[in-house]
Amino acid sequence: MRHYRLNDGQVIQIEVSHCKNIYSKLFNLRENYSGSECGMDRFHTPALHILGIALSGLAALAVAIGIGRFAFTPQLPLMQADLGLSLSDGGWLAGANYLGYFAGAVLAGRKGMPAAMLMRCGLWAVVASTAAMAVSGPFAWWIAMRFVAGVASAGVLVGTATVILARLAMLGARRLDGLVFAGVGTGIALAGLVCHAGVLLGMGARALWLALAGLALVGTFIAHKVDVRSEAFRSGISMPAASAGQTSRGMHLLVLCYGLFGFGYILPATYLPSQARLLLDDPALFGWVWPLFGIAAALSTLSIAFLARWPRTYVWAGAQAVMAVGVSMPVIAPGLCGLAVAALCVGGTFMLITLLGLQEARQQAGPSAQRLLAAMTAAFAAGQLAGPIAANFLLEIGWPFSSALWLGSAALLASSASLIHFTYQKSFTRENP
């Protein structure tokens, strides 16, 4: 095997034959490599370099989504008890984050927006806005900080999906995409465990926000082990050209289905801990619901390599059907058991769906992937905004909260049916031109 040594402006070239099976071949590579040009002094072989790229993406998503987006979920019951936050106040804070996520996705889709800058600047913004939640001030301050966290989270997601996944694809390590997206579940689980431990230790909500900011800071330093700004990193990224058979209709369908996914999942994702708290007075018990959600999310993305034998959109549709069951479980089986099943079904599919959707976007859009990724993320954010609005409307007209869960399940099933129909129609057209 030939040996390489990188200078600035060069990239690792790995023969395709050595990348056919990443799990069996990756750690057999033994080229000499000096990683100082990419800010990775601790990684001295291509195998560790590739793994380092994946772990950098994992850490970035753990911070941006696991903490920047979802740390508020286990914090909501604590802020209600400790700071007198009402359920309505919690809804406003959640809505500000969703709106920020939408704004961040739109910003990320602007032509010429550097993906690496979105990733790096977004991480620091998450750390700052999380720490700022511990500051005493008017309610508008918390609204502003949750909005900033939402903007930053969307930027990091789009930036990571554009830069890190493209780099892994170039190095023949696409099977590590699942490891990257396991970062979301890892961040959710860690944030949930920090909040759970804080409750048991008698910590207040403000102290826990600082603890979460510290956790985000550690993750940010890990993510920065790979210098995504360097020319050596950027120059090798090449996006696959879109297939001739792909049309804008397929891209529009991706955006629509991804938006329905956001609508369907947001209610259980936001209110699972609060629902558990209504059923259990013991924080030692209900505090485990959110970490369970995160663990299921992290493990689900690692299954992507075993699901590769089936069409990606079929797996996406099946995962949404499982999520639909989870969304309706608190209605079908009220009680702790139903909530546990809901946490597993929703937590075990929502990041898998995210990964599948973004992979499909990269395949369909080719060089325009960043803009399609941003459009899908914006649609997802719009679905998240519409979910609570629809739930509040149903409550205002006298319908129970369960009706909102049924509506979310219906949206997910409609998205699944659309994906299956489109994939079947595309396959039929290809076989019968």
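For all residues, glycine too, the Cβ spot is worked out from N, Cα and C.
According to TrEMBL, the transmembrane segment annotation covers 50-72 (among others).
The transmembrane segment annotation in TrEMBL covers 92-109 (among others).
What TrEMBL lists as transmembrane segment is 121-141 (among others).
Residues or ranges marked as transmembrane segment by TrEMBL: 147-166 (among others). Sequence-distant contacts of the transmembrane segment (147-166) (same chain, six or more residues past either end, CB-CB distance under 8 Å): 53-54, 56-57, 60-61, 63-65, 68-69, 96-105, 107-109, 115-123, 125-126, 128-130, 174, 177, 180, 228, 233-234, 237-239, 358-359, 362, 369-370, 373-374, 377, 381.
What TrEMBL lists as transmembrane segment is 178-201 (among others).
The transmembrane segment annotation in TrEMBL covers 207-224 (among others). Under 8 Å from some Cβ of the transmembrane segment (207-224) lie the Cβ atoms of residues 39, 55-57, 59-60, 62-63, 67-68, 71, 75, 78, 119-120, 123-124, 126-127, 130-131, 133-134, 187, 190-191, 194-195, 198, all in the same chain and six or more residues away from its ends.
Feature annotation from TrEMBL assigns transmembrane segment to 253-273 (among others). Long-range neighbours of the transmembrane segment (253-273) within the same chain, counting only residues 6 or more positions beyond its ends whose Cβ lies under 8 Å from a Cβ of the stretch, are 70, 73-74, 76-77, 94, 98, 286-287, 289-290, 293, 316, 320, 323-324, 326-327, 330, 339, 342-343, 346, 350, 353, 357, 360-361, 364, 372, 375-377, 379-384, 386-388, 390-391, 404-405, 408-409, 411-412, 414-415, 418-419, 422.
Through the fold, the transmembrane segment (285-307) approaches residues 23, 66, 73-74, 77, 175, 177-193, 195-196, 199-200, 269, 272-273, 276-277, 279, 315, 336, 339-340, 343-344, 346-352, 355-356 of its own chain, all at least 6 residues removed from its boundaries and within a Cβ separation under 8 Å. Under the heading transmembrane segment, TrEMBL lists 285-307 (among others).
Taken from TrEMBL, the feature transmembrane segment covers 339-358 (among others). Listed by sequence, the residues of this chain that lie at least six past the ends of the transmembrane segment (339-358) yet keep a Cβ under 8 A from its Cβ atoms are 161, 165, 177-178, 181-182, 184-185, 188, 254, 257-258, 261, 265, 268-269, 272, 275-276, 279, 289-290, 292-301, 303-304, 312-313, 315-316, 319-320, 322-323, 325-327, 329-330, 333, 373, 376.
Marked as transmembrane segment by TrEMBL: 370-391 (among others). The list of residues near the transmembrane segment (370-391) in space but at least 6 beyond its ends in sequence, with Cβ under 8 angstroms from a Cβ of it, reads 91, 94-95, 98-99, 101-102, 104-106, 108-109, 111, 113, 115, 150, 154, 157-158, 161-162, 251, 254-256, 258-264, 266-267, 270, 357-358, 361-362, 364, 401, 404, 407-408, 411.
Positions annotated as transmembrane segment by TrEMBL: 403-424 (among others).
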Listed stretch, out of 50-72, 92-109, 403-424, that has the most CB pairs under 8 angstroms to the transmembrane segment (121-141): 50-72
Contact between the transmembrane segment (92-109) and the transmembrane segment (403-424) (at least 3 Cβ pairs under 8 Å, separation 6+): no
